[in-house]
Amino acid sequence: MSQKFDVIVIGAGPGGYVAAIKAAQLGLKTACIEKYQDKSGKLALGGTCLNVGCMPSKALLDSSWKYHEAQADFAVHGIDVKDVAIDVPAMIGRKDTIVKNLIGGIAGLFKANGVTTIEGHGKLLANKQVEVTAADGTVQVYQAENVIIAAGSQPIDIPPAPVDQDVIVDSTGALDFQAVPKRLGVIGAGVIGLELGSVWARLGAEVTVIEAQDKFLSAVDEQVAKEALKIFAKQKLDIRLGARVTGSEVKDGEVTVNFTDAKGEQHMTFDKLIVAVGRRPVTNNVLSADSGVTIDERGFIFVDDICATSVPGVYAVGDVVRGPMLAHKASEEGIMVAERIAGNKAQVNYDLIPSVIYTHPEIAGVGQTEQQLKGDGVAINVGVFPFAASGRAMAANDTAGFVKIIADAETDRVLGVHVIGPSAAELVQQGAIAMEFGSSAEDLGLMVFSHPTLSEALHEAALAVNGKAIHIANRKKR
Ligand SMILES: NC(=O)c1ccc[n+]([C@@H]2O[C@H](COP(=O)([O-])OP(=O)(O)OC[C@H]3O[C@@H](n4cnc5c(N)ncnc54)[C@H](O)[C@@H]3O)[C@@H](O)[C@H]2O)c1
């Protein structure tokens with residue numbers, strides 16, 4: 001096998017594997033280096049997202065939601081189910097099968113597109129050489145015309161709660177509990193804390209979430225975050241804001257966490273504790289001292305708008321660079337870089353990256369929040385439509401939350417779409433499409449939406465921006 005490639009990608013997560021497939025499709029001789037192994041020691045492509053992130057967590061969110069519905073929501077439909085029970089190892093086994101199939105899918109795509117998979121740890125050397133160290137310690141050096149670093153991220157550890165993957169776990173360990181913990185502590189009320197906290201709360205765990213910030217979900221639209229906090233309280237997620245963890249002690253299979261909040265010093269004991277305080281880029285040991293690629297003090301690789309590093313021909317995408325740590329952002333950066341290497345024009349619209357928290361109801365948004373726009377002094381009109389007024393949501397017995405559309409007061413152009421409610425992720429994507437085409441709220445209001453659908457809530461929110469909603473009383477004059 002030749003040791004020279006047009007493109008070598010380091011990392012086969014959603015940034016790396018997508019970049020590799022695209023580069024190969026564009027006729028470039030491409031290799032992708034990955035070292036991650038599954039529990040049986042077999043190479044597992046797909047990165048955090050497929051192995052221990054987005055996909056396994058969604059499998060558990062769906063399983064636990066079905067259990068919750070069977071237990072708590074079926075009766076309202078007149079469905080009587082008795083003795084609903086959860087078999088946790090079976091639920092975990094289903095999740096593992098989904099992960100296995102997805103990983104196999106990427107291996108198949110690599111084969112179909114002619115991407116060479118190189119197993120081992122990749123490290124960028126000087127002059128676009130890439131060193132690969134296999135699990136048995138063998139070292140090979142490859143030469144590339146272009147290198148794409150897509151090494152991803154890993155959970156941040158905090159000294160007061162060191163992860164042992166037994167009693168104190170990170171997001172990976174929390175996907176493999178073999179029984180429902182009676183008392184579950186979660187440090188961090190971010191995306192992971194809320195998603196994994198929800199999984200185990202639905203299955204019966206008493207969940208306490210300890211969050212350092214006073215403000216809940218500070219990056220989310222404030223009106224949405226406020227609604228979410230109310231809904232989660234009803235779901236008995238005990239969210240402690242302004243709570244700083246000072247220490248923890250593991251003893252006899254349980255953990256006591258010490259934290260301080262507005263009430264003073266607190267101590268709580270849990271059967272399991274999930275630490276979900278953010279992730280950091282994996283960039284140490286991926287760049288040799290003479291690679292020429294520069295990183296900031298937090299370990300992120302410096303890149304420009306098109307993900308080019310300080311070394312010509314070396315790019316970096318996904319969680320190792322600035323911007324939100326989201327799989328879809330990484331994939332789009334991977335596509336952009338592959339296209340650029342092939343000599344085509346491509347770019348990512350960083351203003352329109354949707355984000356989703358897969359709780360129930362889901363929380364999703366695209367564009368700017370009301371607080372951002374007001375902070376920037378932009379005059380806006382806001383339309384809100386509650387799912388409580390949606391016939392489709394009523395039929396589904398799923399009426400919590402609302403759709404919120406924010407438009408520029410002068411031009412009517414949609415600047416933000418924020419949803420908390422059923423299928424929020426899918427509804428926000430409609431907003432993203434509209435915004436990508438420069439839609440005004442009026443444009444959205446003039447479109448025909450199928451009836452009855454949840455999407456009608458988006459239609460009505462767009463109409464409400466200019467005081468023209470039909471199925472709620474309008475606050476503004478027409
Ligand atoms: N649905 C999704 O798109 C999805 C799902 C999972 C993860 N992710 C991404 O993965 C990354 C990591 O997720 P995450 O939830 O770990 O991070 P996050 O940044 O979303 O949330 C971490 C939370 O922990 C809090 N925190 C930090 N230190 C603390 C401490 N010592 N004590 C108490 N609270 C503390 C922070 O204030 C923050 O609210 C994020 O960038 C996220 O976007 C995305």
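Yeah, the Cβs are placed from backbone N, Cα and C, and that goes for glycine too.
Site annotation for NAD(+) in TrEMBL covers Gly188, Ala189, Gly190, Val191, Ile192, Gly193, Leu194, Glu195, Glu211, and the matching candidate from Gly114, Gly120, Gly278 is Gly278. The recorded disulfide partner of Cys49, taken from TrEMBL and restricted to Cys32, Cys54, is Cys54. In this structure, Ile192 (NAD(+) binding site) is part of a helix by DSSP.
Comparing C-alpha positions, Cys54 (disulfide bond) sits nearest to Gly190 among the recorded positions Gly190, Glu211, His451. Considering only the residues assigned to NAD(+) binding, Gly188, Ala189, Gly190, Val191, Ile192, Gly193, Leu194, Glu195, Glu211, Gly278, the longest pairwise Cα distance works out to 14 Å.
Summary of the NAD(+) site environment: with the site residues Gly188, Ala189, Gly190, Val191, Ile192, Gly193, Leu194, Glu195, Glu211, Gly278 set aside, the chain residues having Cβ atoms within 8 Å of the Cβ mean position are Val186, Gly197, Val209, Ala276, Val277. Taken residue by residue with DSSP, His451 (active site, proton acceptor) is part of neither helix nor strand, so it is coil. Contacts of Ile192 (NAD(+) binding site) defined by a Cβ separation under 8 A and a same-chain sequence distance of 6+ are given as Ser57, Ser171, Ile274, Ala276, in order along the sequence.
With respect to their backbone Cα atoms, Glu211 (NAD(+) binding site) and His451 (active site, proton acceptor) stand 41 Å from each other.
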